[in-house]
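Quick look at what TrEMBL annotates:
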type	residues	note
SIGNAL	1-20	signal peptide
DISULFID	C48-C55	disulfide bond
BINDING	D52	heme binding site
DISULFID	C57-C90	disulfide bond
TRANSMEM	139-160	transmembrane segment
TRANSMEM	180-203	transmembrane segment
TRANSMEM	210-232	transmembrane segment
TRANSMEM	266-285	transmembrane segment
TRANSMEM	297-320	transmembrane segment
TRANSMEM	340-362	transmembrane segment
Amino acid sequence: MHLRRILVLASVTLAAGAAAATTESEDTLPQCAVTCQSDLIADNSTSCASTDTSCLCGDTTFQSNMTDCVSTSCTPKQALLTTRLSNRQCGIAPHEGRPEVDSATLVPLIFSTLLFANRIAAKFMGLGGGWGPDDYTIIVAYCLAVAILAVNMTMIHHGFGQNMWDITPLDNITIVLKYFFAFVVMYKTQISLAKISVCLFLLRIFQSKLFRYGAYTIIALNAAIGITWVFIDSFRCIPVHLAWDQWATGEPGKCVNFIAATFANAYVNIGVDTVMVLMPVYEVFKLNLSARKKAGVSVMFAMGLVLTGVAIARVIVFWFNRWNTNPTVQLQPIVHWSVIEVHIAVMCACLPTLRAMFVHIFPKMLGNTSDQSYYEQRNTPSKPATFGSAQAINKTVSYSVDYGANKRPQRHSFVPLVELDPHDH
């Protein structure tokens with residue numbers, strides 16, 4: 001809601017205004033607003049009596065004139081304080097934001113933590129192909145996801161989600177915007193690292209040259225996206241401190257269009273997400289598997305669509321809540337969805353290791369007793385062998401790649417992936 005629309009004009013009596021002039025408290029109307037009101041009433045800008053609060057609150061012409069006067073005669077802090085006290089006088093309830101602890105962000109944190117802990121445990125147990133660059137990047141990404149949630153809670157504690165003029169004291173607005181500055185930089189870094197981790201994981205599985213070229217390209221693209229937007233967000237205002245204190249000081253400077261930069265980043269990330277989902281699914285459908293097995297393996301890889309869906313929802317929410325003069329309210333929806341997104345990114349990156357752990361713990365339930373050793377392979381390829389007229393390449397979705405022919409029948413659903421011979425198409 002624009003400040004012009006919500007800035008309900010000072011509708012207090014002149015006696016109350018006179019009392020306000022003697023103090024700098026945030027509980028009294030600033031002298032500049034008192035002067036604006038008395039001048040407008042003296043100029044017959046309203047037919048309402050100076051003591052008729054309900055009439056003054058409902059007089060839109062008087063409100064518009066009062067808004068113009070306060071905007072030009074008062075400092076930003078005084079204008080916000082005038083809005084707060086005027087809303088209170090007119091009976092306008094303050095906006096209630098989200099609580100610090102919200103189930104919508106707490107549940108993704110719990111699941112991402114469980115899946116992350118499972119992945120780390122599997123590595124220490126020798127499951128899932130051993131330690132690799134994908135593990136180190138997801139560790140950093142998980143730590144950033146937890147930090148992002150903590151920053152969001154701290155912002156809410158200081159008033160994020162409330163109208164700017166309702167935040168008490170008003171200096172907390174600067175604190176909120178400082179944390180938001182850090183939040184944005186951490187978010188862009190975390191999302192890029194999580195996607196790089198997924199690509200590094202896929203490189204353990206698929207060995208075709210075309211796929212690997214594509215994966216390395218996506219890794220480079222994600223790194224470039226992260227670095228570029230971290231730089232843009234870090235220096236979106238010159239001087240930098242204007243990003244969090246220009247609202248109060250009015251200091252001149254230059255700032256990039258934050259809304260345009262955010263939309264550009266979101267569109268690029270959605271495009272990259274889509275490619276990352278399609279690449280492994282395409283590889284799976286090239287293999288000589290039954291339709292049921294192809295569907296099962298593809299569904300696991302396609303879990304990245306959940307992350308893409310959240311990213312799209314985030315863009316839609318941001319579009320309908322583009323900020324203008326009330327960023328502490330209008331930025332909360334996109335921050336809320338960003339917190340959800342970073343934890344879903346961790347979940348998607350850690351989900352494949354869950355199968356390896358289940359097979360290790362419940363071999364009879366999920367497969368035969370040979371499954372455990374099958375999942376404990378360390379990416380050590382055997383000598384290639386031919387099977388009939390086609391070369392067999394067995395791959396698991398558990399970080400392992402075996403280039404030998406598998407002669408034992410697989411009795412579990414999580415089977416090696418067998419690549420088709422080109423002559424069979």
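Quick reminder: no glycine exception, Cβ is built from N, Cα and C everywhere.
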Entry from the disulfide-bonded residues list C55, C57, C90 having the most other CB atoms no farther than 10 A: C57
Among the ranges 139-160, 180-203, 266-285, the one whose Cβ pairs under 8 Å to the transmembrane segment (210-232) are most numerous: 180-203
Sequence-remote partners of the transmembrane segment (180-203) [C-beta within less than 8 Å, at least six residues beyond its ends]: 132-135, 137-138, 140-141, 144-145, 147-148, 151-152, 155, 160, 211-212, 215-216, 218-219, 222-223, 225-226, 229-230, 233-234, 243-244, 265, 269, 272-273, 276, 279-280, 304, 331, 335, 338, 341-342, 345-346, 348-349, 352, 399
Secondary structure at D52 (heme binding site), reduced by DSSP to three states: coil
